[in-house]
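Report on the structure given below.
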């Protein structure tokens with residue numbers, strides 16, 4: 001048997017064995033196929049920074065056609081919903097205190113008359129529950145815009161200095177689902193690679209088969225290949241699964257090239273597998289590997305721009321995100337899904353992914369070879 | 001190439017972990033077809049020596065060869081020529097018997113056209129004919145152990161390393177395991193085995209005794225027993241524990257240990273043995289009903305040698 005055929009045969013044997021073990025373990029099957037779908041559903045449905053039917057408490061002292069139309073304008077958008085009305089400001093305060101309302105609208109008596117007859121500035125008060133700063137600022141800006149366009153309709157003759165017309169490109173409705181769902185792919189592939197790779201190696205160390213493998217003709221590099229290829233394949237299968245569900249079920253737009261997405265994912269896998277291997281070299285038990293995986297996973301996701309934009313992080317952390325493969329991958333994924341960007345614009349991210357991946361995997365491999373027994 | 005009849009050579013093998021010397025200047029040769037036992041208390045350096053020979057650990061000093069290949073530079077070639085089995089019976093519990101065999105056959109590069117035959121051989125020798133589709137994890141320990149041995153020799157290696165292969169296995173399984181080892185040795189396989197079971201040591205052609213990282217004796221079991229100069233007596237007393245306490249630190253007594261209801265006492269010389277023993281026991285009020293000089297058991301030799309070499313590291 002030639003040298004290369006021997007190598008191929010051994011790696012193939014490892015990969016086949018690994019798949020057999022994975023599919024024999026119902027927990028593994030759940031982790032691989034159900035966890036991704038579950039994550040996708042959570043991010044697709046539950047995690048949303050969009051505003052929809054925000055509970056609004058109205059105190060209308062004016063009670064005129066004009067004031068009712070203002071309330072109507074707010075609720076007609078769908079962003080706000082009247083959850084209570086009263087004539088007493090104290091009720092509004094209580095509603096905010098108890099969380100029965102997030103927005104409070106107070107229209108003073110004489111609103112309509114100052115709007116129409118006297119032409120003076122009409123005043124309305126908007127109170128916002130700021131405990132959730134995200135929702136508060138979004139609600140505030142939406143409400144502001146609605147009130148302003150309402151004012152324009154009522155006083156069209158007033159000169160306007162700047163006519164500010166906004167339009168969101170690539171995601172016209174600013175639907176956070178379109179933004180979150182593609183990014184789930186990034187979190188998922190990382191988790192699969194990190195966790196499964198490190199657990200698979202450490203499990204063999206625990207039961208003593210790793211030592212058995214080390215005294216067999218299986219070379220270090222073959223062992224690494226045998227332990228990483230299965231999880232790379234699973235990572236790509238999960239990518240296909242999540243992308244399909246994102247497109248068909250959630251109707252997330254896909255404007256770019258599938259091939260490019262596949263290429264980026266392969267480069268991204270290298271990092272995940274590398275870190276997974278690295279964790280396996282420092283973990284004696286599966287629990288340790290599990291803990292270590294999450295210790296890596298959490299900051300990697302938090303510093304990726306998945307949930308919090310990189311541009312609003314402190315400068316030091318912005319620099320840190322440059323060595324985070326998740327950041328580059330999520331940028332690529334979002335650009336491919338929503339903008340249809342091609343390699344011409346994405347090559348810096350591709351280069352970064354390739355560099356980080358190759359670096360991590362070769363460092364992990366050399367450490368692994370030295371410490372695996 | 002070395003001569004055909006030397007399978008394993010250790011030449012001044014030394015392994016240090018920081019300040020701790022796990023193996024110190026160990027040299028020996030193992031002939032082809034020999035069953036070579038490595039005996040010693042826990043922590044004596046047996047496993048470390050074996051790991052250096054099998055390429056799992058690099059020696060700090062010294063060298064050696066296995067199957068004619070240098071352990072420092074030709075570890076890969078060595079790995080193709082040895083079988084290895086540890087006390088963990090390293091099989092995959094979540095794979096079936098057949099799947100384990102198939103995996104190791106591939107790993108060891110058994111040619112495709114020979115795999116069927118080798119698989120049948122393993123199944124038969126391990127007595128697993130009806131069990132090939134069972135998960136390995138469900139098998140009793142003795143069967144697992146035979147299967148592990150079968151998997152370790154699928155590629156018919158000239159040299160087989162066994163690291164405490166029978167720990168935790170019942171005596172009957174141990175006996176049938178050794179039958180298999182004899183069978184392999186008969187066909188010319190060199191067997192290098194570490195153990196701390198005395199009965200197992202008796203099965204070996206030659207024994208190396210290790211203590212505190214050093215080789216303290218190396219010979220056939222028979223010659224090791226004969227070579228013991230201090231006489232050993234088996235004595236019968238009414239209370240063995242009290243007799244041990246009375247004799248352990250008595251003058252002229254090297255060692256006293258219980259062997260069932262009797263006592264084995266090693267003396268410095270056999271002059272007036274009976275009289276001296278009786279006196280020591282009388283002082284403690286232990287009644288004494290007879291003594292007999294015996295050929296030392298391997299365990300006596302082992303204990304005496306270890307004691308002479310400074311005692312076991314973990315006592």
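Each residue, glycine too, has its Cβ placed from N, Cα and C.
What TrEMBL records for A:28-47 (among others) is transmembrane segment. Long-range contacts of the transmembrane segment (A:28-47) within its own chain (CB-CB distance under 8 A, at least 6 residues past either end) are made by residues 21-22, 176-177, 180-181, 183-184, 187-188, 191-192, 195-196, 234, 237-238, 241-242, 245-246, 249-250.
Residues or ranges marked as domain 'ABC transmembrane type-2' in TrEMBL: A:136-371.
The transmembrane segment feature in TrEMBL is assigned to A:179-202 (among others). Below 8 angstroms of C-beta separation, residues 18, 22, 28, 31-32, 35-36, 39-40, 43-44, 47-48, 171, 210, 227-228, 230-232, 234-235, 238-239, 242-243, 246, 250, 252, 265, 268-269, 271-273, 275-277, 279-280, 283-286, 288-290, 292-293, 296-297, 300-301, 304, 306, 325-326, 329-330, 333-334, 336-338, 368, 372 of the same chain, each at least six residues beyond the ends of the transmembrane segment (A:179-202), sit close to that stretch.
What TrEMBL lists as transmembrane segment is A:223-252 (among others).
Taken from TrEMBL, the feature transmembrane segment covers A:258-279 (among others).
Per TrEMBL, transmembrane segment is recorded for A:291-310 (among others).
Residues of the same chain lying 6 or more positions beyond the ends of the transmembrane segment (A:346-364) and with a Cβ under 8 Å from any Cβ of it are 260, 263-264, 267-271, 273-278, 281, 322-323, 325, 328-329, 331-332, 335-336. According to TrEMBL, the feature transmembrane segment maps to A:346-364 (among others).
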